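Colleague: When I checked TrEMBL for this same protein, it listed these features:
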DOMAIN    1-73  domain 'Alkyl sulfatase dimerisation'
DOMAIN    83-204  domain 'Alkyl sulfatase C-terminal'
Amino acid sequence: MGGVENVIKKAKEFVENGDLRFAATLLNHVVFSEPQNEPGKALLAQTYESLGFGSENGPWRNFYLSGASELRGQMPSHNLLSDQTQMVEALSLHQLFASTAVRIDGHKAQAHSFTIDLYVTDLKEQCRLILSNGALIHRTGLKQKKPNAFTVDYSCSMTHSQLLTLLTTGKFGDLGSELGDRSYLSKLVSLIPGFDGNFNITVP
């Protein structure tokens with residue numbers, strides 16, 4: 001299209017003609033090719049803002065207005081949804097382990113294979129975690145029975161609060177009824193990477 005300046009010029013024409021979405025597409029290419037191009041960022045922010053104000057759909061409005069704020073350097077200094085303790089506490093064990101399985105680092109997990117039995121004392125629930133072929137499989141609702149060192153690599157009992165602390169911070173204190181090598185629990189935790197929720201959505 002003849003360079004960045006021509007693309008911005010064309011985008012302005014599309015904005016004036018009311019074709020905001022195509023203008024945003026062009027300007028998005030400008031920002032990704034030249035992240036420090038202030039005229040391009042300013043026009044894209046203006047375009048996103050107009051799209052946001054014109055959106056009846058809530059999530060779309062949020063996407064556009066968040067993008068405009070980011071382009072103008074107005075993002076909050078911290079994640080307003082970072083404290084989700086109450087939501088995590090409300091999850092069943094099945095939901096908790098299903099969400100944990102999604103976070104497993106599959107490449108690193110390929111090098112490990114083990115089985116862990118956990119008994120959550122206050123919930124009176126037995127569960128089994130199986131790490132195999134880079135994936136974490138869980139089984140909940142099992143009948144509590146005496147751990148067998150031939151079928152599991154490690155087993156222990158803990159409270160629901162300890163389990164949540166383990167999966168969210170990687171820390172665990174005193175555990176009950178331990179059998180086997182505790183290092184398997186540490187290996188599992190090491191395969192759950194943390195992440196920063198304040199990632200960019202419009203600027204590379």
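Positions of Cβ are set from backbone N, Cα and C atoms, glycine also.
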Colleague: When the domain 'Alkyl sulfatase C-terminal' (83-204) is classified with DSSP, how many of its residues are helical, how many are strand and how many are coil?
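Modeller: Split into helix, strand and coil, the domain 'Alkyl sulfatase C-terminal' (83-204) gives 38 helix, 33 strand, 51 coil.
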Colleague: For the domain 'Alkyl sulfatase C-terminal' (83-204), would you mind checking the mean pLDDT of the predicted model?
Modeller: 87
